[in-house]
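Below is one structure, written out as structure tokens, with a few remarks after it.
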Amino acid sequence: MHVLSLTSSLIFLFLFSVSHIPIFPAKHTISPPPALRQRQQRELSSDYYSKKCPQLENLVGSVTSQRFKEVPISAPATIRLFFHDCFVEGCDGSILIETEKGSKTLAEREAEENKDLRKEGFESIIKAKALVESHCPSRVSCSDILAIATRDFIHLAGGPYYQVKKGRWDGKRSTATNVPPNIPRSNSTVDQLIKLFASKGLTVEDLVVLSGSHTIGFAHCKSFIGRLYDFKGTKRPDPNLDPRLIKELRMSCPFTGGSSGVSLPLDATTPFVFDNGYFRGLGTKLGLLGSDQALFLDPRTKPITLEMSKDKQRFLKAFGDAMDKMGSIGVKRGRKHGEIRTDCRVFL
């Protein structure tokens with residue numbers, strides 16, 4: 001295994017500038033009680049639209065395949081959207097809402113933590129929704145389209161193809177103030193991550209496995225620059241970061257100035273392939289974010305990380321299963337709690 005050459009890194013910077021896909025909220029929130037979570041999962045089904053819109057998956061698939069070919073950055077951008085959506089208010093499409101002109105209440109996507117979400121992710125869902133609406137008007141939720149598109153992009157990039165359970169309704173609330181407690185920090189501790197994921201009904205293994213989405217993610221310099229120059233106030237780089245990688249990263253991310261728009265791959269070995277390279281990288285100190293590398297250092301998460309690094313098929317299967325679980329977080333059902341939007345950007 002080797003670190004990306006500087007030339008390759010510059011190519012990535014030129015073609016694909018995107019921030020990381022955060023799945024590590026720093027604080028935890030109250031999750032639905034187990035009985036409610038189980039009921040939500042039962043209400044979702046893979047054949048939910050078999051009569052309402054039988055061609056749904058093909059319609060969404062035609063958009064995602066075209067976007068993946070023409071705008072490949074749509075893959076990590078859309079995956080990131082799904083994580084952001086599910087960890088704030090649940091998987092209800094609330095991340096897609098735009099702030100109404102003149103409103104003093106900002107929508108989720110306007111939160112400071114969401115301002116670097118890539119437009120390609122939003123565009124992919126808007127295009128898919130428009131096509132679905134032309135065939136199945138007012139029948140399919142934006143949240144279900146986001147879940148399907150995310151699965152499609154994961155599979156197109158080499159990841160697992162798993163059945164997406166459907167039946168989500170779109171949420172009626174999207175508030176920027178709900179975002180900060182639920183969006184990850186690049187230096188989150190394993191304790192913080194475990195508590196947050198547990199509050200969402202996810203296990204320690206789910207935490208590690210879902211972190212594998214970083215196999216095709218990117219991060220801005222600001223997310224890891226402290227590890228390069230002043231780790232925890234030591235004025236020295238993080239000893240758990242490969243010295244060769246530090247040298248190359250410093251060339252793209254100077255200590256002051258000139259790096260605000262720079263993004264680098266979270267998986268330095270196979271940044272455009274959905275595989276277990278991210279986990280192998282953690283074993284050789286190539287984890288870009290401190291919160292990622294911490295998974296290899298903590299005794300509660302290291303064994304799982306090692307297992308995923310050694311068995312690609314085991315990881316892909318586990319990832320599909322974990323995405324199924326995550327996709328049921330806080331789902332809305334029925335008119336009392338949700339709606340079926342015709343335009344994902346505005347409430348009915």
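Using N, Cα and C of the backbone, Cβ positions are placed for all residues, glycine too.
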If you consult TrEMBL, the disulfide counterpart of Cys344 among Cys91, Cys136, Cys142 turns out to be Cys142
Candidates Cys136, Cys253; TrEMBL says the disulfide mate of Cys221 is Cys253
Correct disulfide partner for Cys136 among Cys53, Cys86, by TrEMBL, is Cys53
Minimal Cβ count within 10 Å, across the binding-site residues Asp267, Asp275, points to Asp275
Within 10 A of the CB of His214 (heme b binding site), the number of other CB atoms across every chain shown is 30
Rounded Cα distance, in Å, between His214 (heme b binding site) and Thr270 (Ca(2+) 2 binding site) is 11
When the binding-site residues Thr215, Thr270 are compared by other Cβ atoms within 10 Å, fewest goes to Thr270
Check: min Cα-Cα distance from Arg80 (site 'Transition state stabilizer') over binding-site residues Thr215, Asp267, Asp275 goes to Thr215
